[in-house]
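Chemist: The structure is given below, and queries will be raised subsequently.
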Amino acid sequence: MENVVLVDENDNRVGCINKIDAHLNGDHLHRAFSCFIINSKNEVYIQQRAQSKLLWPGYWSNSYCSHPRPDEEISHAVMRRAEEELGIVINEEPKFLYKFQYKEKYKDVGYEHELCHVFVVFTDTPPTENPKEVSAGFFINIKDVQEYIHNNEEFCTPWFKKEWADILQNHFDKLC
């Protein structure tokens, strides 16, 4: 089982913990990332998380998200997971947008308590979803993402909703 990096509120590494243990209670702030894939038509790829996921299975979310390994730079993890989840090889450095901290409980199953780095990748490579990670996915015009979230709020992950709201308010100019 993989380990994730425990961090303090300033994103300083303070240790490592088993990935499952990190999500069982809300005590373990750990480093994570989310990435939005945007194509040349200004469409954003949105994925439905696999039903086998521990937290928020079957929910709609950003293009992909994960955790860097303890010995891995976050940008490298963004590139690695694009290939593992979506079959997309990224040859350019992903564009960092911002980072934020959040804590959310999923039913009686567990928590996300992350210091999340948000990235964007521009590519026209079509995704080939790994069924262990992704149940479905589609591209949506960048101008329609907020309406999609609003109309499907109860089926979207909490970090997707938080990230897109922040992107609209503070980072939208970096997406086009």
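Cβ atoms are placed via backbone N, Cα and C, with glycine included.
According to Swiss-Prot:
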BINDING   HIS23, HIS30, HIS67, GLU112, GLU114  Mn(2+) binding site
DOMAIN    28-162  domain 'Nudix hydrolase'
ACT_SITE  CYS65  active site
BINDING   CYS65, GLU85  Mg(2+) binding site
ACT_SITE  GLU114  active site
Chemist: Going by DSSP, is HIS30 (Mn(2+) binding site) sitting in a helix, a strand, or coil?
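Modeler: Assignment for HIS30 (Mn(2+) binding site) reads strand.
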Chemist: Count the other Cβ atoms sitting within 10 Å of the Cβ of GLU114 (Mn(2+) binding site), across every protein chain shown.
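Modeler: Taking every protein chain into account, the count is 26.
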Chemist: With an 8 Å cut-off on Cβ-Cβ distance and a minimum sequence separation of at least 6, pull the same-chain contacts of HIS23 (Mn(2+) binding site), or say none.
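Modeler: HIS23 (Mn(2+) binding site) has long-range Cβ partners LEU54, LEU55, GLY110, TYR111, GLU112.
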Chemist: Could you tell me the C-alpha distance between GLU114 (Mn(2+) binding site) and CYS65 (active site) in angstrom, no decimals?
Modeler: 11
Chemist: In sequence order, what residues of the same chain, 6+ apart, have a Cβ less than 8 Å from the Cβ of HIS67 (Mn(2+) binding site)?
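Modeler: Long-range Cβ contacts: GLU2, VAL4, VAL5, LYS19, HIS30, ARG31, ALA32, PHE33, ALA77.
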Chemist: Taking the Cα atoms as reference points, how far is CYS65 (active site) from GLU85 (Mg(2+) binding site) in Å?
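Modeler: If we compare the Cα positions of CYS65 (active site) and GLU85 (Mg(2+) binding site), the gap is 9 Å.
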Chemist: What mean pLDDT score does the domain 'Nudix hydrolase' (28-162) have in the model?
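Modeler: Per the prediction, mean pLDDT sits at 98 for the domain 'Nudix hydrolase' (28-162).
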Chemist: Around HIS30 (Mn(2+) binding site), how many other CB atoms lie within 10 A of its CB?
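Modeler: That number is 23.
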